[in-house]
Amino acid sequence: MTRKLKVAIIGSGNIGTDLMIKVLRHGGPIEMGAMVGIDPGSDGLARAARLGVPTTAEGLEGLLRLPGFKDIGLVFDATSAGAHHRHAARLAELGVPMIDLTPAAIGPYVVPVVNGEAHRGARNINMVTCGGQATIPIVAAVSQVARVHYAEIVASIASRSAGPGTRANIDEFTETTSRAIEAVGGAERGKAIIILNPAEPPLMMRDTVFTFSAPASESEVEASIEAMVAKVQAYVSGYRLKQRVQFEHTEVALPGAGRVRGLKTTVLLEVRGAAHYLPEYAGNLDIMTSAALACAQAQAAALIAA
């Protein structure tokens, strides 16, 4: 029988529940060991129980008391930035690695197609944000061709897809995404904006990426972006370019550098969710959980092969 790594998910909200269903359906080398929440009436805990997953509504302490905790080899945290600091401290004492889906960013930022391999052995990795997972690959693709002086992303998500955790973390979202645009995407300066779109019926997740780089070949930049999109599609099938990449050779004022001539690149993206738990318009959740699943599968495969 093939050995699998048992995982626990802390957080029975939208992200945690969607991730659980992905693990149950497409886990590969990982399997569910526990679903953890703090609301006994949450739909996520109810679904987990119906699907035969051990559950607790007593948070981290409840997880530690579960008979099967000793077999848990990896924990996903889909709660909040503040809660993750507490969870990480306790689980680090017990030697249990974590994948952090909050903006806490205790560990390194990880975007699977950009730097997943480099951090495969880390004990705590951070999945940035939904906007970061969607847009940082594009910034990195431009960075592979030319020096990126500035990158700005605008993530527009359906208001209905934003649960209480997302709403509570708006400030952390912008700060974490901005830092990761620089640290992972390779931009010298990054900025992130999130928009909760109240439109009805809800619209798909849309992301706009602007970069200003050193002069470069438009065809090389476009080819790099298209190759990166294909890599992301390997684990997020609903990820696509909304239209062809747009370019403008222009001159802008950069802080400390004066007027600089370069290439402005504009990329419009759409992320359609897989509808494992929430509707297709919740691509913002799908890309986070899909990226986290990809990282967990890579870590599990490495551990099992060791």
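Backbone N, Cα and C atoms are what each Cβ position is placed from, and that goes for glycine too.
On a predicted model such as this, the values are computed, not experimentally measured, just so you know.
Noted in Swiss-Prot for the protein shown:
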ACT_SITE  Cys130  active site, acyl-thioester intermediate
BINDING   Ser12, Gly13, Asn14, Ile15, Ser161, Ala162, Gly163, Pro164, Gly165, Thr166, Arg167, Ala168, Asn169, Asn284  NAD(+) binding site
Translate the DSSP assignment of Asn169 (NAD(+) binding site) into the three-state scheme.
-> coil
Select one residue from Ser12, Asn14, Ser161, Asn169: among these binding-site residues, choose the one with the most other Cβ atoms within 10 Å of its Cβ.
-> Ser12
Other CB atoms within 10 A, centred on Gly165 (NAD(+) binding site) | 19
Tell me, if you would, which residue among Cys130, Gly163, Arg167 (recorded positions) has the fewest other CB atoms within 10 Å in the structure shown?
-> Arg167
DSSP state at Gly163 (NAD(+) binding site), helix/strand/coil | coil
Three-state secondary structure, which DSSP defines for Cys130 (active site, acyl-thioester intermediate) = helix
